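Let me begin by presenting the structure, written as structure tokens, before commenting on it.
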């Protein structure tokens, strides 16, 4: 009995490792699902657009085209039928023969042209936006030109005070010359007058003495 007891716990660890292997096996399955190609609707529209039959493409011919593109038709048979019905309801495909998924299908030219027109409008809008951005550039050039005008005006203001200072100096210099000349003349006249007055007084005194 003592020998059989340790054997039971030794068998337990392999049972715990088994779930880890199952989890590792599940991960690749998830990766395969993500790596699936484009949706069925896109493949159907491409196959119908590639066909040159005027009456439309039958379901059998459609399946052959999808199988040639590498799509598993047998597993995704129900998806193909649902994709056809949804494309017909959206107006992308037109059913020329039969009802439901069984019949012939043709690409709707109006729907294809309607999809092309919005793309053309977007391209036209993008072109219209570009000239608006180009028109903004000249505004920057005018802004850069304004400092030049301001720089030209400043020297003119500096020249006017200099010219005014020159005229003031010219006007002041003649006034000084006029003031100095009369002063010299007055001093000369004052010096001459006393000399002339003294002899007259002396003559008068001599005449008075003679009369006595």
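Cβ coordinates are placed from backbone N, Cα and C, and glycine is handled just like the others.
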Tell me which of 1-41, 42-82 corresponds to the region 'Disordered' entry in Swiss-Prot. 1-41
Between 109, 122, 139, 159, which does Swiss-Prot record as N6-crotonyllysine? 159
Check the candidates 97, 140, 149, 172 against Swiss-Prot and report the one noted as N6-(2-hydroxyisobutyryl)lysine. 97
For which of 168, 206 does Swiss-Prot record the feature N6-(2-hydroxyisobutyryl)lysine? 168
Candidate set 136, 175, 195, residue annotated N6-(2-hydroxyisobutyryl)lysine in Swiss-Prot: 136
If you tally other C-beta atoms within 10 angstroms for each of the modified residues 75, 90, the top scorer is 90
One should report the C-alpha separation between residue 90 (N6-(2-hydroxyisobutyryl)lysine) and residue 64 (N6-crotonyllysine), rounded to whole angstrom, as 24
For the domain 'H15' (36-109), how many residues does DSSP put in helix, in strand and in coil? 36 helix, 15 strand, 23 coil
Applying a 10 Å Cβ distance cut-off over all chains shown, what neighbour count does residue 64 (N6-crotonyllysine) have? 14
